[in-house]
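Pulled from TrEMBL:
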| type | residues | note |
| --- | --- | --- |
| ACT_SITE | A:E255 | active site, proton donor/acceptor |
| BINDING | A:H254, A:H258, A:E284 | Zn(2+) binding site |
2 protein chains.
Amino acid sequence: MTAYSDLMAFQRETEALSQIAGRLGWDQETMMPEGATPQRAEEHGAMANILHARRIDPRIGEWLETAEAVDDVAAANLRHIKRDYERTAKVPARLAAELAKTTSLAHRVWARARAEEDVASFLPMLQKVVDLRREEASAVAGDTDPYDALLDDYEPGATGESLSAMFSALRPRLVNLRAAILEQPAPTALSGVFDEAAQLALSQKLALGFGYGLENGRIDKAVHPFSSGSGLDVRITTRTNPVDPFNCFYSTVHEVGHAAYEQGIDHAHLLTPLGRGVSMGVHESQSRIYENQLGRSRAFTGWLYGQMCDAFGDFGIADEEAFFATVNRVSDGFIRTEADEVQYNLHVLLRFDLERALIAGDLAVNDLEAAWNDRFAADFGYAVDKPSNGVLQDVHWSEGLFGYFPTYTLGNVYAGCLHVALRAAVPTLDDDLARGDTSKATGWLRENVQQFGGLRTPVDTITHATGRAPHEGPLLDYLEQKFSAIYRL
Amino acid sequence: MTAYSDLMAFQRETEALSQIAGRLGWDQETMMPEGATPQRAEEHGAMANILHARRIDPRIGEWLETAEAVDDVAAANLRHIKRDYERTAKVPARLAAELAKTTSLAHRVWARARAEEDVASFLPMLQKVVDLRREEASAVAGDTDPYDALLDDYEPGATGESLSAMFSALRPRLVNLRAAILEQPAPTALSGVFDEAAQLALSQKLALGFGYGLENGRIDKAVHPFSSGSGLDVRITTRTNPVDPFNCFYSTVHEVGHAAYEQGIDHAHLLTPLGRGVSMGVHESQSRIYENQLGRSRAFTGWLYGQMCDAFGDFGIADEEAFFATVNRVSDGFIRTEADEVQYNLHVLLRFDLERALIAGDLAVNDLEAAWNDRFAADFGYAVDKPSNGVLQDVHWSEGLFGYFPTYTLGNVYAGCLHVALRAAVPTLDDDLARGDTSKATGWLRENVQQFGGLRTPVDTITHATGRAPHEGPLLDYLEQKFSAIYRL
């Protein structure tokens, strides 16, 4: 055996264990009996210890010293392994343990604070989390910007500065677009009650239509929709709300985008570092292009309107055109996860600027709520009414996830770029979508993005697929064109 | 930290990982998408390697040298850990790996041989499995009987000689009872088609009635019913057959017996060596007393008859008395897993004698089929018609499970002993069962058997609960009395 094959055999076993750990999380959200919670916490802890010990195993360092890359695939594998190993090695065991303990505690404190609308009770814990993550970031970053070290966990290669430049170009045009839209009369909102079994049946039809394969996956109900697993076992969840079938349909299509990426990676990369989606941003580009550029397009919603008429009878929307406007209705709201395409990125940009300032030390934890509320009022034009609609709404910071939020908008930017390339490559796209046929679109994405997994860097993945470096222009153009048409701006 | 607490912390983590591995098996039988099979094999392999490495970790030996037992619980924990560690240490790594590889291969060869009714194609693989298990048994047994070393894996402390003495007392009375029964007219067999949803609803009612707790468990469908997990997460499966609702009901009650044992162990023993059922025999005693002595009793079947009338309407059985006879109908059949209470142990005794002779070297693999067929004809009075009804019917030997079969009958013997003690302790038992109320019975079993988990040896567990050493008399008396009444012998 060579050092490379020894290393890869070790990594393959680690990845298999990591898949098991992920499925344990899936089980917890879908199948686990409630009384099992304390035992499950110990099981998760045992698995985390095993995985951590393998990630810092000094044999990895030894193998890396002599392993040779005979081809592009081997080079990419070594790049991933080296990056993870060096990063993990820079974080002292004491700090890693303290972070795990503190974020677990902070999560509970956050949940109570949110329920009680009590920001002050959360701030001491948030301070600890910020301090620990800053310490970790400094240990990893060396002389570079600590925020970049955190960002790198979710979007390898991205920097706060480059994202800031991109997001600064997004913000004014999105603020203007939003304001212009909200001056217009609103389209009809969906009303009525929609049979839950019929919602699930149509959401499964959508999942299969968008290329999700049940021979390597399954769909279950969960409180929050998610996609879980890589390779040959990629599971998604969905949920129903009797008065909001769009929630069921579009969260399903969103998770199918994530799952199709994992299912679509070349099986040659199974259980290797290349066998997973390459970054959160590229992952989100897949879920978002499935959900928005395809799923919320005029052509596809035309088909969906017919499906919903078949499933639910007359539900008060007159025709395809009105239905398209209803699906894409823009309205005021505090909550990021409920936001439409136009406003979603404004929610993210707010969080990005605040968390970057927190990590840089330019914003004190005690001033966070005021900063949030000021920024929200500036971009959205009205005041946050309570912390659960403002600074306490998201779980991320309590779990120490700084650097995660911007990948949502980066995904939208990538989706915008891919959408242009896709339309150029598939000129019949709207005709296909109008028949509910997404196969050419998803086939193009599989062929040009998904199959490669972690072979290229995130930016190179998008560049390879689109022929140019990712930029925010296409997303802005798409949003302005689409919503100008709907709202007659 | 003392050596004992270090050792226990290590064992606790191992046990948590072992629970995860078990749940991976549950997932495979109930939830896993079919296309995931190759990836799942790697996941199982990775988990098995982790668990094996922990079981032979030399730190266990060091801790054991200085660990001190401050009480009975600590003494029992150390006894279990020492036994497992010493046993595992005696098996060379080369042999363990070869056994894992060979049994995995033999399983596939057996499945094909059974499907094709081709004994000869299986014998070379079976020979290898027997040779490897004999080698393992010799390594573990030292100067004692190698078969006992295999048996000890499933029933610590049992010996082939003691079981043989017990089984020799069972066999003639069971052969005679069977022959006498089959000379009598047979009770009405169940006929008709039984709604599957109604079967599942009644089987869930039975499970809950027998004390299975859904806050720490769940019921799913699977091809073969099983119970899985310990402590706070103990899951069971069931199955339905439209023409055989008893299969659904009694396999559910059987698995509930196993699961109630695991759920009933004192939570103080959670994730320790005492937190699992102590042996296969004691486990089977719980499943069997739930299924047979309680579930197939005159009193309980009277209640069940009413339930089935409510669920299915008139299904052709005139009254409770006739229903009791139908439930306990004895008829010819080749298959162990389908056998009634009277004949079941004859199937087991046959396998015990043959496998003991194989391991002792007194029976050649090439002569196994003839020996099986001779013995079957002697005890059952008719000839095996094809290998899938004979020597190829069970999966066990292909998987290397020698020493496992006798624990089925040992469980029945234990159940017979417990039943006598239970009736003495709960004089109102039949009145309770006639109302479908098993709570006093299952409460007594929890109090006197289940809660202790691995605290005592298997024999001491039964002795403690019944006041005397286990023996075959009560089982034989129970069977003779019950079936003499039904068949008017």
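Cβ coordinates come from backbone N, Cα and C, glycine included.
TrEMBL: automatically predicted annotations, no manual curation.
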Alpha-carbon distance [A:E284 (Zn(2+) binding site); A:E255 (active site, proton donor/acceptor)] in Å: 10
Check: same-chain CB within 8 A of Zn(2+) site center, minus A:H254, A:H258, A:E284: A:S227, A:E255, A:G257, A:H283, A:Q286, A:S287, A:R288, A:Y290, A:E291, A:G411
Proximal but sequence-remote residues of the same chain as A:H258 (Zn(2+) binding site) (Cβ under 8 Å, at least 6 apart): A:S227, A:I236, A:G277, A:H283, A:Q286, A:S287
CB within-chain contacts under 8 A for A:H254 (Zn(2+) binding site), separation at least 6: A:P225, A:S287, A:R288, A:Y290, A:E291
A:E284 (Zn(2+) binding site) CB neighbourhood, other CB atoms within 10 A: 27
Cβ packing number for the residue listed as 'active site, proton donor/acceptor', 10 Å threshold: 26
Reduced DSSP assignment, A:H258 (Zn(2+) binding site): helix
Helix, strand or coil at A:E284 (Zn(2+) binding site) [DSSP, three-state]: helix
